[in-house]
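Colleague: Relevant sequence annotations retrieved from TrEMBL are reproduced here:
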| type | residues | note |
| --- | --- | --- |
| ACT_SITE | Glu359 | active site, proton donor |
| ACT_SITE | His390 | active site |
| ACT_SITE | Lys518 | active site |
Amino acid sequence: MHHYLKPLDATQQPAWQALRTQREQMQAFSLREAFAADPQRFQRYSLNSGGLFLDYSKNLIDARSQQLLVELAEQMNLRQAIEQLFAGAPLNASENRPALHTALRRPIGDRVLVDGVDVMPQVHRVLAQMTELVQRIHNGLWRGFSEKPITDVVNIGIGGSFLGPQLVSEALLPFAQRGVRCHYLANIDGSEFHELTAELCAETTLFIVSSKSFGTLETLKNAQAARRWVLAQGARESDLHRHFIAVSSNRQAAVAFGIAEENIFPMWDWVGGRYSLWSAIGLPIALAIGMGNFKELLSGAYEMDQHFLSAPFAENMPVLLGLLGVWYGDFWDSHSHAILPYDHHLRNFNQHLQQLDMESNGKRVRQDGSPVSCGTGPVIWGGVGCNGQHAYHQLLHQGTQLIPADFIVPVTSYNPLADHHQWLYANCLSQSQALMCGKTRAEAEAELRAQGLAEEEVQRLAPHKAIPGNRPSNTLVLERVSPQRLGALIALYEHKVFVQSVIWGINAFDQWGVELGKELGKNVYGHLTGQEPGPAKDGSTQGLIEFFRARHRG
Ligand code: F6P
């Protein structure tokens, strides 16, 4: 039996026990003191890879904790697991599939076998098919029902068939090609459909129905609505192939829906939805930024893949980020992790990472079905700086929870404006500095005294003004948000999530919890519309159904 089917229990490893002791010994660990004691701390705990610079010196670690975390990874056979991931072993054991998103960024000539078949020729065939489509659209050769060239592309998809493409096309806006605008339609909420189509003209709009399964309710309902809309705007049934293409691993269902065979771009079972932006699911990205830039994105991810495969754990960016997450979650009682990009174009990065991380590592049993004996994936949240500083950062500074944060910032802005970028960069750094240094009670008192306040007032205010500090963070610096750097950044987080799943012994590539909601959704819809006899399964749901039925007006 492969070791991933009978995972080791991390909590039973010698390194885990040693980390427990280490944690106790670090009760009084102070980041301020650690920096004062070691002038090399920044150099010691920072590294460069894939055009990304990671400063992880503001973490609650010393040489021994880092060494023990690396030992834990070794004891959990992480090296072997990484090799299996890249080689296509069926690590998604509950669905008996590999998770080969890394194959999507490999160069021509590489070989990756799935069930004895080299998948690389298919991968590059689809890239060529994408290139042809992008060229036809960019050159105005793809025409709508009235022979006008396509000007707008709407990606209909949800989850991984939406978040990754949206993030990348939004983040790489400075690379946008003129002539075609990309839009996203994800939710089943009719308001989204109405607001979007109100801006569009069917004659010049192409819809990409993007669904690995071609069975996702929201996507299929929106695709049907789009078809009705195109027909209502004057197209005939025989024109529909000019307005609909699909990306799916379920060709049959796409054909049954009415997509022309030649308009279906394949993807594969061995690519997970939340890891699929590198496949034809990335078509809206390629349409937005051009195929050359899309390939740069792939090459940046490939660079990170090579780093992940070959760098020693103590110098391996995804491994270090993954281990730090385990350290805080399982030893410091931390339950969430903030993603704080200081870049307008990366403002929705946390949405993609939420699915990537929480759908992957929101698990409670290990690969063999036994319950985990430690905490698993954290809540991922966050948002763009500086905006967050005036909203939720307060809780990071003075709340009762320990919330590690990743600050992400480019050195160069595509839109320089006076000294705004220097201020943005400075704010990013000063936030992580404030989290780390805080303000001691004595410092708060001294400040208040310097303002000439009476001692009684000083004592009244000081507890409110003292800030504990010692709150950990990573800072990731990119030279600029380019296709290549962004590719590396996203791949970094994919691998971080994988590292953690190996430590916890869980399957990062299935998502059975999501399925229950889908099943119950159908059942509740049946009750709501009177198609399902009898009352709903529980009194609350039944009460809410009755409330709706008594008042519903459309
Ligand atoms: O319901 C969750 C999910 O299965 C995600 O994992 C996936 O990315 C999303 O739905 C969309 O699935 P599909 O591409 O098959 O429509």
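Cβ atoms here come from the backbone N, Cα and C positions, even for glycine.
Whatever TrEMBL says is automated annotation, not expert-curated.
Map the listed features onto the structure and describe their local environment.
Modeller: When secondary structure is read from DSSP and collapsed to three states, Glu359 (active site, proton donor) falls in the helix class.
Taking a C-beta cut-off of under 8 angstroms and a sequence separation of 6 or more, His390 (active site) has no same-chain neighbours.
Sequence-distant contacts of Lys518 (active site), defined by Cβ-Cβ distance under 8 angstroms and a gap of at least six in the same chain, are Leu217.
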Colleague: If you run the three-state DSSP split on His390 (active site), which class comes out?
Modeller: helix
